[in-house]
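Asker: Questions regarding the structure given below will be posed in turn.
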Amino acid sequence: MEEMLEVVEGKVDWKGRSAFKQKHGGTKSSLLALVTYGFDQMANFALAVNLTTYFNTVMHLELADAANQLTNYMGTCYILSIPMAVLADTCLGRVKTVIISGCLEFLALILLMIQAHYPKLKPPLCNIFDKQSHCETVGGGNAALLYVPLYALAIGNAGIKAALPPHGADQFDEKDPKEAMQISSFFNQLLLGSSLGIAASLTLVVWIQDNKGWDWGFGVSSAAILFGIVMFVAGLPLYRMHIISGSNAIVQVLQVYVAATRNRNLVLPEDPADLYEIERDKEAVMEEDFLPHRNICRFLDKAAIQQTPCRQVETPEASSPWKLCTVTQVENAKVILSMIPIFCCTVNMSLCFAQLQTFSIQQGLTMDTKLTPSFKIPPASLTIIPVFFLIIMAPIYDKILVPFARKFTGIPTGITPLQRVGVGLVLSIISMAVAALVEVKRKGVARDHNMLDATPVLQPLPISTFWLSFQFFIFGIADLFAYVGLLDFFYSEAPKALKSVSTCFLWSSMGMGYFLSTIIVKVVNSATKGITKNGGWLIGNNINRNHLNLFYWLLSILSFINFFIYIFATQKYNYRNHKPAISAIDDRR
């Protein structure tokens, strides 16, 4: 019977035996990956928007410091996806990485729940908004109990981001035309599953955090990730698993940069054909696409010089991969290098989004949050606006707008990925400008009603928190264009060897944006220390007396300058193909 089963090349089952198309993988097993990812988003995303409040009101950090702690945490979540992807591909495998990361997240959330529950493990209750009170800031062993689990959670979250989407794609055979189409469907479903998990997090979990207590909030999050991991483990006998190769595309790119540096004193051959490349007849064995040599970034070609310092031909098999690389490796490294200017210009998007996750939430705490006479919406839940917009607009954009634009442009994707990112960058400029105008109105209401020193939540300003929805809505549109367009760009332009880790490029851009937010806040406070009564635009816990509107205007101006730099960078960039390929991935989380 087993002889009639079709073996899936390059995949094994959970016991290391050959994977069969009729028994392993497919839509059912990929569904378990979708469910796991959705529960992971449910467990974590509430922290991404509400943790500033926890740091500020429970751990008694100043508002700017609380915002910086959140952006540092978020930046770590995204940046660590790269080393976790390397670890998954070279050592652990994607399935083990998902399970270990999920368990790490569960333990971290349990520790945070314990700290939030017991008064001795956190600072004494204190009104942080009362200038006369001297609130104790978390420190000592309690600080360790806060930050160690928090960054363990970041490591676990990075592992899920790095390993789970590629594992879901592993359930389909890209060499089978029918299953190759299902890969595209899987990533579209992953975006939907992610959005549903985020929606549950921004409504249910945030409401529990604000109304039932942070211990209950962490408890629900830990239950969500536990359920997700149990579902994932239940599918072990069904999965197709990729074979651990011992190498990773990112590592191979790094080898080129190291080898080029080590060979910097060698002379490039006049004929590029003299550079090292594996034999063409090994292509079927290596399952690797050969990339032709291009006369750009020639200094990287030194990584493929087959010479020793004594001018003798070096045996490729005996050389270190950190000293001699193939032409294909070098060309992969050139592609990554040419993407860097685009990459740097998109970091600004996450810088702007970080403010919506931090300071905009604190604005909402001072405003009227009544949705009905008996129900108040948590300000952190306002971030569900761009999420709902993504859920609604993503299929509309794909099924209606793209075919319409295609008729005029002749481009398969309607507009190029770089044009799509450009639209998102323009909208982020507008979003920050609108945020500044809304803040001017909010402060005007506080001043006109003599409520500049009102206590947030307890003494809400007579202005609806839904005024903040304008900036969230505009950024939701920017999100649809920029992040998805950026992922489309990275995926379609990345060589075959790098497609499996292309999502890490996006997450790295987001991570750097969060870290840049921390730096910008500190620089702004230092630069404005002597020109404001508070000692800086964002110093202190009273947001009514801060200068958040000026900070938003600053970000809008920086985004405007960044956009023109982006235009210059895109004019210098040449697509690898004459027409951008349609991406098989439409996921940003």
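Numbers run from 1 along the shown chain.
Quick reminder: no glycine exception, Cβ is built from N, Cα and C everywhere.
Features from TrEMBL:
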{"type": "TRANSMEM", "residues": "31-53", "note": "transmembrane segment"}
{"type": "TRANSMEM", "residues": "73-92", "note": "transmembrane segment"}
{"type": "TRANSMEM", "residues": "99-118", "note": "transmembrane segment"}
{"type": "TRANSMEM", "residues": "144-164", "note": "transmembrane segment"}
{"type": "TRANSMEM", "residues": "185-208", "note": "transmembrane segment"}
{"type": "TRANSMEM", "residues": "220-239", "note": "transmembrane segment"}
{"type": "TRANSMEM", "residues": "335-357", "note": "transmembrane segment"}
{"type": "TRANSMEM", "residues": "377-397", "note": "transmembrane segment"}
{"type": "TRANSMEM", "residues": "418-438", "note": "transmembrane segment"}
{"type": "TRANSMEM", "residues": "466-491", "note": "transmembrane segment"}
{"type": "TRANSMEM", "residues": "503-524", "note": "transmembrane segment"}
{"type": "TRANSMEM", "residues": "550-569", "note": "transmembrane segment"}
Asker: Using a Cβ cut-off of under 8 Å, list the residues of the same chain at least 6 residues beyond the transmembrane segment (335-357) that approach it.
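Answerer: Sequence-remote neighbours of the transmembrane segment (335-357) are 48-49, 52, 67, 70-71, 74, 253, 296-297, 300, 383, 418, 421, 424-425, 428, 431-432, 435, 471-472, 475, 478-479, 482-483, 486, 489-490, 493-495, 498, 505, 508-514, 516-517, 520, 551-552, 555, 558-559, 562, 565-566, 569-570, 572-573, 576.
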Asker: Who are the chain neighbours of the transmembrane segment (418-438) in space, where the CB to CB distance is under 8 Å and they lie at least 6 residues beyond its ends?
Answerer: 342, 345-346, 348-349, 352, 355-356, 360, 363, 467-468, 470-471, 474-475, 477-486, 488-489, 549-550, 552-553, 555-556, 559-560, 562-563, 566-567, 570, 573
Asker: Under 8 Å, at least three CB pairs between the transmembrane segment (220-239) and the transmembrane segment (503-524) (pairs 6 or more apart)?
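Answerer: Since fewer than 3 Cβ pairs under 8 Å link them, the transmembrane segment (220-239) and the transmembrane segment (503-524) do not come into contact.
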Asker: Please check if the transmembrane segment (377-397) comes into contact with the transmembrane segment (503-524), where contact means 3 or more CB pairs closer than 8 Å and the residues in each pair are separated by 6 or more positions.
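Answerer: Contact between the transmembrane segment (503-524) and the transmembrane segment (377-397): absent, because fewer than 3 Cβ pairs are under 8 Å.
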